[in-house]
Amino acid sequence: MPKLEMMLLVLLILPLSYFSAAGGQVVQGDLRSDVLARYLQRGDRDARECQVNTPGSRWGKCCLNRMCGPMCCPESHCYCVYHRRRGHGCSC
């Protein structure tokens, strides 16, 4: 595969690692905080509503809804519960 085609392929696939369609989660790195802020400020999203998991680490996860353990709840009215033997989960 020629170099230009490979570069275009990488540029097309790269954004998929930052936005997950299942739950609206955003994965951020230290150098991409401005991209995250712009994403959150579009429409009705606000950076103040972003809850970042693993603060201080190189990679973190931003939840637009409530965070429950290592995951984001799918809707804003959900709350976090603990299930015996299954761990934390969202109850909606």
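Cβ coordinates are placed from backbone N, Cα and C, and glycine is handled just like the others.
Keep in mind the model is a prediction, meaning the values are calculated, not measured.
Taken from Swiss-Prot as is:
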| type | residues | note |
| --- | --- | --- |
| SIGNAL | 1-24 | signal peptide |
| MOD_RES | Glu49 | 4-carboxyglutamate |
| MOD_RES | Pro55 | 4-hydroxyproline |
| DISULFID | Cys63-Cys72 | disulfide bond |
| DISULFID | Cys68-Cys80 | disulfide bond |
| DISULFID | Cys73-Cys90 | disulfide bond |
| DISULFID | Cys78-Cys92 | disulfide bond |
Open item on the list: Fewest other C-beta atoms within 10 angstroms of its own C-beta: which of the disulfide-bonded residues Cys72, Cys73, Cys80 fits that?
Closed with: Cys80
TODO: Counting other Cβ atoms within 10 Å, pick out the least crowded of the disulfide-bonded residues Cys63, Cys78, Cys90.
DONE: Cys78
Open item on the list: Tell me the coarse DSSP state (helix, strand, coil) of Cys73 (disulfide bond).
Closed with: coil
